[in-house]
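> Here it is: the structure, laid out below.
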Amino acid sequence: MAVVDETVWAKKASAKRAALTQSIPPAFRIPTDILPPETQLDVSQFPAESKWFTPEELEITSTTASALLEKIASKAWSSEHVTKAFCKRAAAAHQLTNCLSEAFFDEAVETAKALDKHLAKTGKTIGPLHGLPISLKDNFNIVGKDSTVGFTSWVDDPQTYNSTLVELLRDAGAVFYVKTNVPTAMMIAETVNNVFGRTVNPLNRALTSGGSSGGESALIVFGGSPLGIGTDIGGSLRIPAACTGIFTLRPSLGRFPTLRARSGLAGQEAVASVNGPMGKTLDDIVLFSKTVVGLEPWMHDPKCLPIPWRLVEPKLKLKIGVIWNDGMVTPTPPVQRALRETVEKLKKAGHELIDWDTSTHKQAVSLIQRMFVADGGKSVRHILKPTDEPFRPEMSGYELASEMGVHEMWQLHLERTDFQKAYLDQWNCHGVDALLGPTTPYASVESGKFKHVGYTGTFNVLDYSAVSFPCRVKANKEVDQYGSDYQPMTETDKEIRDEYNKDLVHGMPVSLQLIARRLEEEKVLAMTKTILEAL
């Protein structure tokens, strides 16, 4: 029996990191004399302040995805120039936040040149995303590229097929140039793994960018991507979006294709993993959603539903249930204030708001926790084994779990369905259009201290469509403090209270989430626009 060198995993990780560094061309490496010191926490303004970017590069990388498409289609800007600008800014983002897992800038530029040539020759774009650079979370497969999902055993394992969504976006004219970092198996609410290490938040590098789509959120808020694609099984789109103050849509299963993407829990379908867009504006989220549905993904992915994009007339008066807390964890003071102020503004705008009973949310969190480890951690352990890679401490729940039997799993499915029916009945009883509440308990939080996914995970169990959006409130250390009447609901609640650092999160954007019923993506996006208009 062959003995595996105990350092194999570390050697593979080191070699992969070195290869990623080498994939960044010398022209895109930040000169040492302008490289921000590690003690500089906010590096988000580096592109504008460093004088390393040209005025045109700054203009291009500060333009929305929707506007970029118009500029490229009108030939005001070439896809080549747009792609090069985003490659440079993405390279800078990685050097300052460790947000990438793959970079293939030369290939991207060649793709962009070919698209420019097609437009010049035919006078027509190749599709609705013609020439637009789009970043991809690491688990989306691209032929010839690794999809390590944070595992050393999947290093140097180039994929032989594209994810279905990648195929559709490519055929629509998208230009792929980077893939972004994820936590091990994409099952941690921060972005850290044994291959690439930790991704940090460019708004404050002492804070997390969230997870599991935290490479995407860091890249986007830095300006290194006009539009990114992530995934969500327990909050993996919404948590990183909230930690960095950007927009995202968590769709219900069936709207966007999920076929042929890589997973650390392949075959786990008790709670669905879904794909969704991440961007700096709501309009860009709508653009992606409408475009992908328009590509008829149900003709390519058997799990996609044949539901064309539907026009939704905005309601002048919404009835919204307010989630003040989830019965387990009190939102930290910046989130409490953001929710209060948003509710008051919505009331003044004529909307009806009622308090929402969250007493059943504890059951949802229990359900999702049991679903994730139902195989006793076998899936993760099997992927770690070839290189003897150790479990990360954040994955201790998988390391220690016991496998469920088939009958026990079936009972869990029944419990899930009963929970979904009870929640549906509650929704119908109150007749609300949507729920409004925290995306997470935090504006953001110090790396390694993210502790609670109940605000997002509940709606994964329900498979409801949800938007996380920045609500135009920023954390303020002068006013955002716990009241003298605070009483912890759980031990986790107390820990979050004890670890709250008002000075460190000062100035960070605060996000909320708006939740609609299943398969109401068009409606939740339209309602989010209505809410933003009231703020």
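A Cβ is built for glycine as well, from the same backbone N, Cα and C atoms used for every other residue.
Pulled from TrEMBL, these are the listed features:
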ACT_SITE  Lys137  active site, charge relay system
ACT_SITE  Ser212  active site, charge relay system
ACT_SITE  Ser236  active site, acyl-ester intermediate
BINDING   Met186, Ser212, Ile233, Gly234, Gly235, Ser236  substrate binding site
DOMAIN    82-525  domain 'Amidase'
> Among the recorded positions Ser212, Ile233, Ser236, report those whose Cα falls within 10 Å of that of Lys137 (active site, charge relay system); none is a fine answer.
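Matched recorded positions: Ser212, sequence order.
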> If one measures from the C-alpha of Gly234 (substrate binding site) to the C-alpha of Ser212 (active site, charge relay system), what distance in angstrom results, rounded to a whole number?
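If we compare the Cα positions of Gly234 (substrate binding site) and Ser212 (active site, charge relay system), the gap is 9 Å.
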> Let me know how many other Cβ atoms fall within 10 Å of the Cβ of Gly234 (substrate binding site).
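I get 27 for this one.
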> Hey, what's the Cβ neighbour count for Lys137 (active site, charge relay system) at 10 Å?
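Within a 10 Å radius of the Cβ of Lys137 (active site, charge relay system) lie 28 other Cβ atoms.
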> Which one is it: of the binding-site residues Met186, Ile233, which Cβ has the fewest other Cβ atoms within 10 Å in this structure?
Ile233
> If the substrate binders are Met186, Ser212, Ile233, Gly234, Gly235, Ser236 per the record, what's the largest distance between their Cα atoms, in Å?
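Between the most distant Cα atoms of the substrate site, 11 Å.
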> Could you round the CA separation between Gly235 (substrate binding site) and Ser212 (active site, charge relay system) to a whole angstrom and send it over?
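Cα of Gly235 (substrate binding site) to Cα of Ser212 (active site, charge relay system) measures 8 Å after rounding.
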> Note down the number of other Cβ atoms within 10 Å of the Cβ of Gly235 (substrate binding site), including every protein chain shown.
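The answer is 31 other Cβ atoms.
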> Neighbourhood of the substrate site (Met186, Ser212, Ile233, Gly234, Gly235, Ser236): other residues with Cβ within 8 Å of the Cβ centroid, in order?
Met187, Ala189, Gly211, Ser213, Thr231, Asp232, Leu237, Ile239, Ser273
> Measure from the CA atom of the residue listed as 'active site, acyl-ester intermediate' to the CA atom of Ser212 (active site, charge relay system) and give the result in Å, rounded to a whole number.
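Cα-Cα, rounded: 5 Å.
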> Who sits close to Ser236 (active site, acyl-ester intermediate): which same-chain residues at least 6 apart have their Cβ under 8 Å from its Cβ?
Met186, Ala189, Gly211, Ser212, Ser213, Gly230
> Pop the mean pLDDT for the domain 'Amidase' (82-525) in here, whole number is fine.
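Mean model confidence (pLDDT) across the domain 'Amidase' (82-525) is 98.
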